[in-house]
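**Student:** Here it is, the structure in full.
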Amino acid sequence: MSSAFSLTTPGQQADIAVGAADHAGALLTIDLGAVVDNWLTLKGMAADGADCAAVLKANAYGLGAVPVAQALAAAGCRNFFVAHVDEGIALRRHLPAAANLFVLHGAPPGAEEACAANGLIPILNSLPQLRAWVALCGRWSRRLPAGVQVDSGMARAGMDAAELAELDAVPELLAAFDLRLIMSHLACADEPESPMNREQLQAFSTIRARFPQVPASFANSSGVFLGKEWHFDLLRPGVALYGGNPTPGKPNPMRPVVRLRAKIMQMRAVPAGASVGYGRGHITSAPSRIATAGVGYADGFFRCLGGTARAYWADTPLPIVGRVSMDMITVDVTAVPEDLLYPGALIDLIGTHRTVDDLATEAGTISYEILTSLGNRYHRTYINGTGRVASVSSSL
Ligand SMILES: *Cc1c(COP(=O)(O)O)cnc(C)c1O
């Protein structure tokens, strides 16, 4: 056990290098070739003249912002979005100099200089944010680049009508910086029937018409599928790049990106009536074989999945029985011949039979939350789509 850990100097945070898949309780495989294919698919759908960006916030939805950004940059992606300034600072040096790295939240008060000094392009979401950016432009005597987000009906981030009117009244403000992008965000893009999509489109088009020279961006993953009217100049997909279904209720047009396999730690045979796990969460109805595997809610395998989700061994579904523990699950593997499952064998938790969206449905959530919760104890392997290992790392 201790050989898996290398401690740094006392007082520093422990640096845990999980160098080998042998050491890990579960293995996460991330297919960068599929990420690139998904980006090319979305780019291929774009309206004439429109480009496709990539949203890399939250560590590229848990999959690793640096390897994902590098794969997409190599494929020709030139526009990237993160949420926070620090995400941008960490990522900037891994991107080509010509790539734009936008910060969706803009700079919080006091972070403007760090944002500019690191070559980040803030999205200004409010008049105070915009005034602070203009003030920095004044101090540095430079028209620094920034985008502006307008609220087209979601009441979350972006300038509202009153702020836009104020902006109109003070034209020097817009003249003081280099306005690179005007954007807004859709509230109901994953519900194509919702009238909200067209209402927001009209609201955004009206505002956008005031800045005809400035590139505009509106569509997230699901927004791409609403139609070309929603595309403007720059698509802004996130989850679809990572294999989440941008068209809920319809077949997923994206390639799967994530495979998660849990390693069996221990096998046991139990009689009918045996209780499994915390709180006697499961009582066997027949003699059963139970496998204990090394993944739990601390790894983002949600506790609510106990008794609901299924694992797979090849094509055989295996019920996850009893409660999900912090570091373990118990799986009824009675359906698999005894000699095929043993300590060290792997069962699929996310894979061909169980997509990220399936698991999300079983957990009562969305693929976004499954992906961004993927734990940092997994042994991670990045493959380039041909099955070749591009790099192996643990994020710990
Ligand atoms: C997260 C986010 C996106 C990407 O959304 P997906 O639904 O993952 O494609 C786009 N724009 C904004 C403003 C976001 O916050």
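From the backbone N, Cα and C atoms, a Cβ is placed for every residue, glycine too.
Automatic, uncurated: that is what TrEMBL annotation is.
According to TrEMBL, the record shows the following:
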type     : residues   : note
ACT_SITE : K57        : active site, proton acceptor
ACT_SITE : Y278       : active site, proton acceptor
BINDING  : R156, M326 : substrate binding site
DOMAIN   : 257-383    : domain 'Alanine racemase C-terminal'
MOD_RES  : K57        : N6-(pyridoxal phosphate)lysine
**Student:** Among the recorded positions listed here (R156, Y278, M326), which has the Cα closest to the Cα of K57 (active site, proton acceptor)?
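**Tutor:** Among R156, Y278, M326, R156.
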**Student:** Measuring CB to CB from Y278 (active site, proton acceptor), give everything in the same chain under 8 Å that is also at least six residues away in sequence.
**Tutor:** G322, R323, S325
**Student:** Could you list, ordered by sequence, which of these recorded positions: R156, Y278, M326, have a Cβ under 6 Å from ligand 1?
**Tutor:** none
**Student:** Which of these recorded positions has the least crowded Cβ, counting other Cβ atoms within 10 Å: K57, R156?
**Tutor:** R156
**Student:** If you skip the near sequence neighbours and keep only those at least six away, which residues in the chain come within under 8 angstroms of M326 (substrate binding site), Cβ to Cβ?
**Tutor:** G296, Y297, A298
**Student:** Please average pLDDT over the domain 'Alanine racemase C-terminal' (257-383) for the predicted structure.
**Tutor:** 96
